[in-house]
Amino acid sequence: MGGTSKTDQKAALDIASWLFNVVTSVGIILVNKALMATYGFSFATTLTGLHFGTTTLLTTFLTWLGYIQPSQLPWPDLLKFVLFANFSIVGMNVSLMWNSVGFYQIAKLSMIPVSCLLEVVLDKVRYSRDTKLSILLVLAGVAVCTVTDVSVNLNGFLAAAIAVWSTALQQYYVHHLQRKYSLGSFNLLAHTAPVQAASLLLVGPFLDYWLTNQRVDAFNFSFVSLFFLILSCSIAVGTNLSQFICIGRFTAVSFQVLGHMKTILVLVLGFTFFGKEGLNMQVVLGMLIAILGMIWYGNASSKPGGKERRSLSIPITKAHKLSSVSETAESDEKV
């Protein structure tokens, strides 16, 4: 009986984590679309730095209140994580500028196979045939409804490759560091957000000037654009936290596969609120294929042998051997 209630509780927390991530991710996409497209604030890297700056303020406040307990994350691991995370952000922005939308979408889809490769090589994870086929079905569905024109150039290809590998490594490291140092989502965010904020706010204005030929300090804010900027930063706190919670509870691959549900949802909301232009049978068919693939993946990966680790490759550091894994779960449950 106790086991069943524990399983039910875990399932409820898993669903709540996904919903939290989906709502905040879709919300920030729609708000950023209004901020950038409608009000002309096209400084994506600086905006991300402001997002992490806001997240830093929250984690500092919660640490001061005693809600976030002191924890350890060695500087080499922290700097490695921040390097991957920042290359991911910069790479994605540059890739979007240098590539066609179609190739940019293909690059995003390739993150799933790369994440799988990292889990197979670094964590000795083994996937069943059904799990592999379900991932391919998701990729096919999202490709059908999002990939249109595909043109490639060398600079764009290199930017996309850097973006894909750094994003996959960053997401792998979220799961890796949480397990290795018994860190909760808030703990990891408290370590990484300040360094990311400082580095992105330092580099962001120069990178954005290079990408847009506009200076962020010369931007003329209106009341509405300032409101959307503050709203974007506020939602970003939830987006950053929910990413760490989801990858901590699941894995980078599951986060990527089920994350494409957000792509489908953004398309649906876009057609609902911004008109039916671009909605056709190909898009509808792609959505249906992707959703079927996600359902299949959820079923296949949860079965015995669907996705299993052959040997535990992450050593728990001496300072954290006595920390129970439940501490991480508890810190997530408080969210």
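Sequential numbering from 1, following the chain as shown.
Cβ coordinates are placed from backbone N, Cα and C, and glycine is handled just like the others.
According to TrEMBL, the feature transmembrane segment maps to 12-31 (among others).
The domain 'Sugar phosphate transporter' annotation in TrEMBL covers 23-297.
Residues or ranges marked as transmembrane segment by TrEMBL: 43-66 (among others).
The transmembrane segment annotation in TrEMBL covers 78-96 (among others).
Per TrEMBL, transmembrane segment is recorded for 133-150 (among others). Among residues of the same chain six or more beyond the transmembrane segment (133-150), those with a C-beta under 8 A of the stretch's C-beta atoms are 100-103, 105-106, 109, 112-113, 116, 127, 253, 257, 260, 263-264, 267, 282-294, 296-297, 299-301.
Look at TrEMBL and you will find 156-174 (among others) tagged as transmembrane segment.
Marked as transmembrane segment by TrEMBL: 186-207 (among others).
Per TrEMBL, transmembrane segment is recorded for 219-241 (among others).
Annotated transmembrane segment per TrEMBL: 253-275 (among others), in sequence order.
Residues or ranges marked as transmembrane segment in TrEMBL: 281-300 (among others).
Counting Cβ pairs under 8 Å that are 6 or more residues apart, the transmembrane segment (219-241) and the transmembrane segment (78-96) reach fewer than 3 and are not in contact. The stretches the transmembrane segment (43-66) and the transmembrane segment (12-31) are not in mutual contact, being linked by fewer than three Cβ pairs under 8 Å (pairs 6 or more apart in sequence).
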